[in-house]
Amino acid sequence: MSSYQGVIVSDPWLQSQFTQVELRTLKSKFINVRTQHGRVTLGDLPPVFSKLKAFTEMFNEDEIKTVLGESNSDMGEEIDFEGFLRAYLNLQTHAIEKSGGTKSSFLKATTTTFHHAINESEKASYVAHINNYLAEDKFLKDFLPIDPATDALFDLAKNGVLLCKLINVAVPGTIDERAINTKKVLNPWERNENHTLCLNSAKAIGCTVVNIGTQDLAEGRPHLILGLISQIIKIQVLADLNLKKTPQLVELVDDSQDVEELLSLAPEKVLLKWMNFHLKKVGYEKQVTNFSTDLKDGEAYAYLLNALAPEHSTPSTLDTSDPTERANMVLQQAEKLECKRFLTPKDIVEGSPNLNLAFVAQIFHNRNGLSTESKNMSHAEMMSDDVETSREERCFRLWINSLGISTYVNNLFEDVRNGWVMLEVLDKLFPGTVNWKQANKPPIKMPFKKVENCNQVINIGKDLNFSLVNVAGNDVVAGNKKLIVAFLWQLMRFSMLQLLKNLRSYSHGKEITDADILNWANNKVKKSGRTTQMESFKDKSLSNGVFFLELLTAVEPRVVDWNLVTKGETDEDKKSNATYIISVARKIGCSIFLLPEDVIEVNQKMILTLTASIMYFCLQQQGEGPDDSDLASEVSRLSVDGSVSDAAPSPQAED
């Protein structure tokens, strides 16, 4: 396996302002300009910067030219890569000032380079969470508890074990811990494997990590590590905020139509709806719309806890006029419900959105106050999908979110119905295919505008030669799950085949087929001296997992510990092998979203994606891929979020 080579900048301060993924992408932009013009000047930058999503909605080319000209009167002066980065930071500063200097929340999306300040309260809260949930871990107990007053958290994160373990706390079973390198002293290769496993697994549970590289974790970069930890913890604390885990949530709505709307809400919105439901019952007249300013005075908390736990309520909580004193009393009351104190009265008074969200979620988890007698309970149960559809929904939802598009998908079948998400995905994968002038940006009130978006989606699919006989935009708007899954599968498959085709020395520019992937895998295993083969991607013999473990061994001989592999004769052994396959594949660098059940049941679609991902990784490592500039372009297109990637012209269409 080749080692990761980062982009090195001679100025340490300048290097510290960017993640490795950003540096690789910006280096690609710089090289492209130099290739086109023979050199790079400040005058070349406005058209380049105006297409970066970080700036496209802030500045046009003329405004960028004015900003850059303020610091250097000679726009024809040649600049090197460091000058390119300094110009980027200069424009970034103006963008922050123009937006009012608003800081983005760690919990909302990817961490950006705009703000590197560390919130010590959040850090202390995350450390307390880690100390509580991982205290008994066999490997980490020698390093815990972590002292929040030091940088011990970031030092411990450098070997990757902590973050992998935390992912398993958030979503148990995500990582087969047999795949984690847990020696006391790890070499750089082993650390890189842990970080690769961590990032690919984080994507697989719904984190947005497109702006973080393994090198960033190995360096222990505080703002990126806190951003990732924050997302992981958020997923953990909001895990029960859906009808599948907590069907009692139907009590929040009045009829079946509202149940469908509840299904489409993000977990945070469900939590707010739950909070306001109880507040209304006890006469609290205000509406809580956020986890920050609306909670600063502590009154909403006092009313909520009085509603949920009247046996612990006291009039003095509302009688006091001091918000800090009230916040402290709220925390004392919550502790009686076994809510651990991961935030302080100061965090409530200052309106920390991340910590308040986690606190409200903890209250919900310990006492949600909902009934199981709701008239809508049976309707909610009837709306549940079959198992295979649920797994496919999960796979495509996580895959879409991993691309780093602007919209975060919470419920696939609801969120794609207006067509906008589909257009974003198509534009991300195949830049230039979407006509944004004919697209309608959410919120969309008029149904025909949703149909217009979806019709464009279908037309682009037809241009890509997807099988879409008798399929129209109306089918997507209507939420036809079968057709939505069929379209997304073709989209995922096509993008994978295009990536393989781009490995020119392998494909020689020819179209890659499913048969090519099948033949490659069989030949790879055969050349390694093993005899297992697969007849097709639905070959039932694949259910024991042995073929894929042999394929992974053929790709990277040291990555599979055969002492941990079973013959796959029983269901339990098959599950053990399948879980191990997924973690080992992620460990070497495969970004995959299948579950062990997909291997055991030989889900044809998921088996193909697994094989293609292993093939793509292998061919890249063997140097059979494109040259450095092409590879950087691929990284930019598929692996970097909007803060540094190209974007189509900002859509202007309105309802």
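Cβ coordinates come from backbone N, Cα and C, glycine included.
Listed features, source TrEMBL:
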DOMAIN    120-237  domain 'Calponin-homology (CH)'
DOMAIN    265-368  domain 'Calponin-homology (CH)'
DOMAIN    390-496  domain 'Calponin-homology (CH)'
DOMAIN    511-619  domain 'Calponin-homology (CH)'
REGION    623-655  region 'Disordered'
Note to self: I'd like the per-state residue tally for the domain 'Calponin-homology (CH)' (120-237) from DSSP, helix first, then strand, then coil.
What the structure shows: 75 helix, 0 strand, 43 coil
Check: Using DSSP, how many residues of the domain 'Calponin-homology (CH)' (511-619) fall into helix, strand and coil, respectively?
Finding: 71 helix, 0 strand, 38 coil
Next item on the list: List the helix, strand and coil residue totals of the domain 'Calponin-homology (CH)' (265-368) as derived from DSSP.
Entry: 67 helix, 0 strand, 37 coil
